[in-house]
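Per Swiss-Prot, the features are as follows:
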ACT_SITE  167  active site, proton acceptor
BINDING   13-21, 40-41, 72-74, 167-171, 200-202  NAD(+) binding site
BINDING   154  substrate binding site
MOD_RES   58  phosphoserine
MOD_RES   66  N6-acetyllysine
MOD_RES   158  N6-succinyllysine
MOD_RES   171  N6-succinyllysine
């Protein structure tokens, strides 16, 4: 989908921006004209993402803003709150678009999964999304600003998957969190939606055995795995006023998998 500069006045915070879907989202939002605050646990990876971004709204060659990289472990409350403070200090305003894309997997069968692996996936994928959503919403409400919060869940959060009890639970929780936030924050002019990617070609899915990839691909009606840019297209739509009457939605980007 071609960019349309729908976000020329927006400041977008993207967590998990150092690679994969988060990086593609950062690139797409910048192409739409947004200033991007790219955050990752790996600060160097976030800086690499920023180097890929053009000047916000610079179709005529005149820079109208800047992008910046941030490092944070969003699973920690003080770090998540400090991230929002640092973004506001850098850009002199809170982000009007917030995309929580930070996520991890630690796969194991239910019978053998350690409590540590359960806790860590829940901490990053669900608690981290809660902490960023809360801090961003608090900043927006305090400033009186409108906003769009977009949380990256997964189709696995809807249907489950063998060996991923922790991941599926965390992503199901993101859907519930987002729907509840939509109910609570709508009166403040803040829209909240979740995006449910299917099997997308990312560093995370590259770890899958080829036999598993082939089996999954055969189940997808469109016949192929998605690209990170497919998810970024949907996020750009949800970030823009083109989706101004959409909140509480869970948008699947799965090629029809599990429909």
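Note that the numbers count up from 1, one per residue, in the order the chain is shown.
Placed from the backbone N, Cα and C atoms, the Cβ positions cover glycine too.
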Cα-Cα distance linking residue 66 (N6-acetyllysine) and residue 73 (NAD(+) binding site), given in Å to the nearest integer: 23
66, 158, 171 as recorded positions, winner by CB count within 10 A: 171
For residue 168 (NAD(+) binding site), nearby residues of its own chain (Cβ under 8 Å, 6 or more apart in sequence): 154, 156, 157, 160, 161
Chain-internal residues, separated by at least six, CB under 8 A from residue 19 (NAD(+) binding site): 40, 45, 49, 202, 203
Fewest other Cβ within 10 angstroms of its own Cβ, chosen from the binding-site residues 154, 202: 202
Nonlocal neighbours by CB distance (under 8 Å) for residue 16 (NAD(+) binding site), same chain, sequence gap 6 or more: 22, 39, 40, 100, 101, 102, 103, 152
